[in-house]
């Protein structure tokens, strides 16, 4: 089973992707994580990608498509995976379908712009285990101590400022809304209310995927 999580930045795709992937024992592949890993390398590709990220612009299709194809074909995912953040537009979707023949389920996270901004501005994660927190909605139970691993080192994303976030959301709308219309006619497109709390969203996704 291949499941695609669609939604704007801050919609909760990463949080739910990790949660659902663990429950059904499938890999969670997040395009954002892949590119952040590339950016940490000292290569011309990393510098090019980082320039787009800093300006709040989407990385060009030809770069995204090739990175994703190379990544997916370099591993054997016999039982499928959860793909988070790709495809983001119609061209990427058609490219994806050109080399992936398995049946796909698409889940779209519908969230208001105001809530998205708060989620992104407040977001940070444990450097050790990757657990995601939020200054507004989800703090560790003990100040500066990760609930999962006990680490006291956290990572705050440098590209998360309000001006860049608003631009990313607008760019996302322009790029991705035609893709939503495209998938609506596939028979495998589902919408979840991303404004609900984490547990409620997880339950909605489990119903769609028919898992307990």
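Including glycine, each Cβ sits where the backbone N, Cα and C put it.
Annotated by Swiss-Prot as region 'LID', the relevant range among 122-160, 161-199 is 122-160. When the ranges 30-59, 60-89 are checked against Swiss-Prot, the one recorded as region 'NMP' is 30-59.
Rounded to a whole value, the Cα-Cα separation of residue 129 (Zn(2+) binding site) and residue 36 (AMP binding site) is 16 Å. Across the region 'LID' (122-160), the DSSP tally of helix, strand and coil residues reads 0 helix, 12 strand, 27 coil. Under a cutoff of 8 A between CB atoms, and with a sequence separation of 6+ in the same chain, the neighbours of residue 133 (ATP binding site) are 123, 124, 125, 126, 139, 140, 154. Following the DSSP three-state reduction, the secondary structure of residue 36 (AMP binding site) is helix. Cα distances from residue 85 (AMP binding site) to the binding-site residues 10, 12, 14, 146 are smallest for 14.
Under DSSP, the residues of the region 'NMP' (30-59) split into helix, strand and coil as follows: 20 helix, 1 strand, 9 coil.
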